[in-house]
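Engineer: Annotations per Swiss-Prot:
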- 8-28: transmembrane segment (TRANSMEM)
- 37-57: transmembrane segment (TRANSMEM)
- 77-97: transmembrane segment (TRANSMEM)
- 134-154: transmembrane segment (TRANSMEM)
- 178-198: transmembrane segment (TRANSMEM)
- 212-232: transmembrane segment (TRANSMEM)
- 284-304: transmembrane segment (TRANSMEM)
- 312-332: transmembrane segment (TRANSMEM)
- 348-370: transmembrane segment (TRANSMEM)
Amino acid sequence: MFSILLRLSLVTKIFIAIILGFVVAFLFPNMTPYFSIFGEIFIKALKAVAPILVFVLVISSIANFNVEQSAKNFKPILFLYIVSMLFAAFSAVIADLLFPTTLVLASSADQAFQPPGSLNDVLKNLILSFVSNPVVALSEANFIGILAWAIILGTAFRHSTQATKTVLQDCADAIGKVIHLVISFAPIGIFGLVAVTFAHSGIETLKSYSHLLLVLLGTMFFMALIVNPIMVACVIKKNPYPLVFKCLRESGITAFFTRSSAANIPVNLDLARRCGVDESTSNVIIPLGSTVNMCGAAITITVLTLATVNTLGISVDIWTMLILCVVASISACGASGVAGGSLLLVPVACSLFGISSDIAMQVVAIGMVISVLQDSTETALNSSTDVLFVIAVDQASKT
């Protein structure tokens, strides 16, 4: 029996854990305190690895970033990737304004934090976080400071020897294995979190989860079926939907089940080849897109951050939301290197509003509960968009 469980996929294990959590919460609510330790350990582990994860991955990604100068159409495709992520984050902001989401957080009222009072406070906190001591930033989980120092060091390491870059990549791979180990215990942690949360809050929690999931998926579908086609139409000057549906059908469906943009690269390369894209372009741009083009991740980060803000009663003006869009887009670029995807980068955006790491990691755990659908749909959007823009720009350049 135990060996059969070990052979199951992580998604299946999480699904089983959620069901068991429901059963324990509603049939044996008095037993849930005994299981709370599982959720607490899981959140503690996430909090422990997240700062060093972001720091090492960003340094390694920037230091090893390499684009062949011969790659055709690089600039317009990269421009579409950037604009797409910004539009995705902005769409998530609009979705939150139309359908505001709140979450059920454990002991959120007990958390002491000082939310920013205005845009000036946000900008001041942002600038001060940038110049924070890197060691202090890591120890206090100041993700803005971590991101700033990682970008600076990564840029500096670009001029180092190949051996140094290889060491950085090896460090990133090692951290990735640690994250994989932590995530492998997600079913046990989620079981404890679901059992305790539903035993205390009941059906209201289920309503908040379903509403959050609908907002996330609705925004992703809006991006895939409305925003992306408009962008493609502006490029190819004709009906974009045949190409959009082709990419969703041949790339998106595969990515939905693999839940990995990197694993879907061969599928995208084959699709680009069959659509007549020059291999000197597709072989460079599509792997790059699987790393930096993360519009689905930008949506997830923005929606979850604003849901946290709504839950804590923090007032946010439109200018702060626009800053959040930029931060979410930048954070999303690092999502491909994280086993938990965009979820583990939510604390970066939450730190804009003075939200503590404790609360942010509770939100990450909530995201993992709905990740069976959220992460699959997010990956499908990310990967299909990678190849969509490559084919669109290639077609436009040939007309």
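From the backbone N, Cα and C atoms, a Cβ is placed for every residue, glycine too.
Help me picture where these features are in the structure shown.
Structural biologist: Within the same chain, residues 35, 183-184, 186-188, 190-199, 259, 368-369, 371-372, 376 sit at least 6 positions outside the transmembrane segment (8-28) and bring their C-beta atoms closer than 8 Å to a C-beta of that stretch.
Distant neighbours of the transmembrane segment (37-57): 137-139, 141, 143, 146-147, 149-150, 168, 171-172, 175-176, 178-179, 182, 185-186, 188-193, 196, 334, 337-338, 340, 344-345, 347-348, 357-358, 361-362, 364-365; these residues of the same chain sit at least 6 beyond its ends, with a Cβ under 8 Å from one of its Cβ atoms.
Nonlocal intrachain contacts for the transmembrane segment (77-97), taken as residues 6+ away from its ends with a CB within less than 8 angstroms of a stretch CB, comprise 215, 218-219, 222-223, 227-228, 231, 235, 285, 288-289, 292-296, 298-299, 301-303, 306-307, 310, 321-322, 324-326, 328-329, 332-333, 385, 389-390, 392-393.
With a cut-off of 8 Å between Cβ atoms, the residues of this chain six or more beyond the transmembrane segment (178-198) that come close are 10, 13-14, 16-18, 20-22, 24-26, 32-33, 35-43, 45-46, 49, 53, 104, 106, 205-206, 338-340, 344, 365, 368-369.
Sequence-remote contacts of a segment are chain residues at least 6 beyond its ends whose Cβ falls under 8 Å from one of its Cβ atoms, and for the transmembrane segment (212-232) they are 80, 83-84, 87-88, 91-92, 95-96, 99, 101, 103, 240-241, 243-244, 248, 252, 295-296, 299-300, 303-304, 307, 366, 370, 373-374, 377-378, 381, 384-385, 388-389, 392.
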